[in-house]
């Protein structure tokens, strides 16, 4: 889309104003408390998962739970990149964010978000191998390979974030400087550019939308094979355990990918729904992940019971 602005190109934007989420003024204090509580619960819930995986020998020796620990770590950082700035929108403090700060937020948002996207795909692949190739699973997915794949996901996420921030902030920004969004994200920032953004929108569509959609399709393909294999399990208990383990991951994937694809396959959209949808996958999903994995995953619940029992024994010895 070509941008035609009357503002002089000699004017250089040094900071941006994040307008945040539209809300009635009388709900400002309430929304502040809601998002503050979400942030605290997100950090505590994911920290609990991370510590449980690290402390329980039965979990941290298995690739599935190594990946779950990495997911919790990503959720903690992704929430920290988004929610504190969102909370500031409900306070009297200045909504300004420096140009460099905006670039940093966009980089870390896409770095962590895309790493999470790749991680979900690895988790689906891990479940596919565990259920469809159970005898070869220890060879096909061991600790060393899991570490290499996770490192590859981090590297790919970093490259993706670097590409997006470079393409976005190479453009001139000469005013206005008000971002009609709650974070510095590509579609909202590009609307303020004083130059043609066609290339940026095309790269956004391909690098984010198509890649996310492709990962989602790979995950669905993995789960189609998984469901087919589960239905062949003869015992009802075996089917129940397999569905419980995979159901947790599939639920998390759905609530993350569907809103993400909705946003970035419509990069030029100005729909008022975009903000609400973005809040769901950037703020709510990191909160839901530990709840979903602890409520639906029997092994995580058993590990938490063992930790509580061990803590109780230590206190009793004292």
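Glycine is no exception: its Cβ is also placed from the backbone N, Cα and C atoms.
Source: prediction; values computed, not measured.
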Range annotated as transmembrane segment - as stated in TrEMBL, picked from 126-144, 145-163, 164-182:
145-163
Pick from 107-125, 183-201: which range has transmembrane segment per TrEMBL?
107-125
Annotated range (TrEMBL: transmembrane segment) out of 277-295, 296-314:
277-295
Per Cβ pairs under 8 Å, the stretch of 29-53, 107-125, 145-163, 208-231 packing most closely against the transmembrane segment (277-295):
29-53
